[in-house]
Amino acid sequence: MTKKSIPWILNEIFLICILSFCFNNDEVSAFTPMRISNLNSYRATRHISALNLKTDESNVSSINGKIALEEAERLRKKAKELMDEAVKEENMLRLTRTQEESKKSKMLDEIYEELTKDLITPVEEGEIDVTTESELGRRLVMSLQKKQLSSSTMILLVERLYKRLSDAEKRIQKLAPIDEQDPSNNNFNIGDRSNSRESLESEIQMLKFNIDQIINAQTLLDAKQDVKRGLAPQLEARLRELIRADEEEFQRQLAKKVNSNSDQLIGMNGYVSDTLGDMMQENVTIRVNGKEIVGPKVNITSLMEDIIQVPMWVPSSILPFLIVCRKALDPDDLKKIRSEVLGDSNFRVENWDYTKWAAVYRGSFVKNRQTSIFRTKPILDTNGAVQSGASLENDEIDSAKVFSQIQLRLEQAGLADKIQLFLMEDPEWRPGESRDPEPLPTIIAVSSNVIPEQGAERGKGKKAITALSIVGTIIATFAYSVSSYALNPTFFDSIINKNDLSNLPALLPVFLGVFALSGVHEIAHHLIAKRNDVQIGLPVPIPSLQIGTFGSITPLRSFPKDKNALFDVAISGPLTAAFFSILLMTVGINLSLSASTETLSTFAVIPAALMKTSFLVGSMCSILAPKVMTLPASQLIPIHPMFLVGFAGVVSNALNLLPIGRLDGGRATTAVFGRRSAYLVSFLTLLFLAIAALTQTSAISIFFGLIVTLFQRNADIPMKDELTEVDEKRVTIFTCAMIFTVLTLAPFPGGPAL
């Protein structure tokens, strides 16, 4: 033993004596179990470390060596005693906590039983008669008034009921799969009737129902007591937090299983590597102001994991832009929004959550921080029935003004350059699945770098498709012009028989007129977009063999500020062009009626059936030229070129007003009815086009439906404010636009379809 080790051992012996004295005196009871456990662990650790001393017996005398070995053995025994004592104290502490939890759970279960004991009335053995919801609400309200539970107890009660619900769902998942051949195996487990599938399912349904009833009853009490901040929103917020925590735990467990490296499962990284191979090493190339910038190598595995972990509350309309941008948010900034921007605003946050890319703030509008809630919610009277016309809603609150104030506060907080906000319905709300009758107002926060695709970012493939579309539209419009004059004997004879191209300039009015109307359409879009501070991209024309062009695809390059802005931008183009188209048709018919025979010989020639392909066109002809509508469908009639330009414009703008996806009509429908309803209307319209195409009822629906399905069926980019409704004037304009669409595309009685 060296000279340096002897003082160290003496120091340890002195420490043991001091600690032993502390545990042997009368004041040892003053130590809490946790402190004793920590102190014992420290002593045991120090003494166990003494056992690691390396005794060099060859350099010390035999006497000193023997003393050192005895001392080491004593320290070893003492350390073992201390460790055993620490384990014992820890087990006692764990047992105490378990007993306290069990006692608290028992107390909460007793409260639950007392609150719900009158909710069901047994009538016969094995049968129960469940009363109406109004009676249930009345009984629960009376029970809550009688018990006068504190807010903390009510929150603990909701937590306890949710834990029972979660435990029941976990137990039912562990049961054997349903045996369809022998259903009796699914109704019980031997030895434990309470764990049968039937019993667990019944318990789950009852717990869900009673949790909703308790919160509804508390909502009535809050309204009746006229409290400044009710308890019901706190219960709802806590319930959502518990559900979200379970979902996050499930995602963590799933990710752990996916990424576990075993013989049966190679993990997400291995799967992606084997599937994508060298794609993981590709560089990101973007174009900014015409210059190519090569970014760092992309980890496809990380990208896929990020996509998998995106929570359900991220709106599908924003998700594609988040994936492209992948700009992480600072959690401190998100907390600052919660406290400073929304803290004392007219938007009361009931719960919030955030991920790496976005944050969600669910809540409700309030007239002020002490008065009623904006959100519509059913209120029960003292009898448990829904009050007629009674709610916590405040119709005077203007969501647009509230959101504008929030945007201003965001700028004042110095966060406008980092974060942008979207006001929309709760993306996780589902009809019939959520206890709220309507989705909660929700604010989504994402990076300011999240923007729609810009023209400079378009790849070579999209640019090539755009070029082909422009060339195709020119050719198709020229073909439409030729078909308009093909039945003119003079034109046909000079071009086909005499190879005389001198009559080709006669096609220019139709050719240029079709492009002129398309130009009017797009100019109206750009002017209204500029007024509403919405950036739009260059239009991409779509060719049509029937009318030259179906119109253009005009992408939005920035998020519209609200529904009014989106509606104005969408509806301005087709309505303006439709007005000029009807005007051209009217002038064309009048010029045809007043033209001389010699002049008529230079006009385009069409069959009379073309006048009857549209109810709107047929009605105009019936008023302006009634004799034409009495002619046989195959009768050829000369018509002024202005009529054909107007006809093509009317049809193309009516098609663009169809309520589908990113068409002008789809955007207007989203603005008027909201995103959820627009999805349904778009699907039904596409279904109608598909039926018309399959039954060969309409030739134009085949080509137009195919183009729309490929390029325009998806919903458009989100608006900053998706809650504020459009005014009555815009609803009236939308109704007139839809009537115009139906009248244009519906055939005139006795005529063929387009």
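Every residue, even glycine, has its Cβ placed from backbone N, Cα and C.
The coiled coil annotation in TrEMBL covers 65-92. The domain 'Peptidase M50' annotation in TrEMBL covers 511-676. Annotation source TrEMBL lists signal peptide at 1-30. Under the heading transmembrane segment, TrEMBL lists 464-486, 506-524, 565-591, 603-625, 637-658, 678-711, 731-748.
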Interface-richest range of 506-524, 637-658, 678-711, 731-748 toward the transmembrane segment (565-591), CB pairs under 8 Å: 637-658
Cβ pairs under 8 Å between the transmembrane segment (731-748) and the transmembrane segment (637-658), at least three: yes
Residues from the same chain, set at least six apart from the ends of the transmembrane segment (464-486), whose C-beta lies under 8 A from its own: 492, 503, 506-508, 510-511, 514-515, 540-549, 604-606, 641, 644, 648
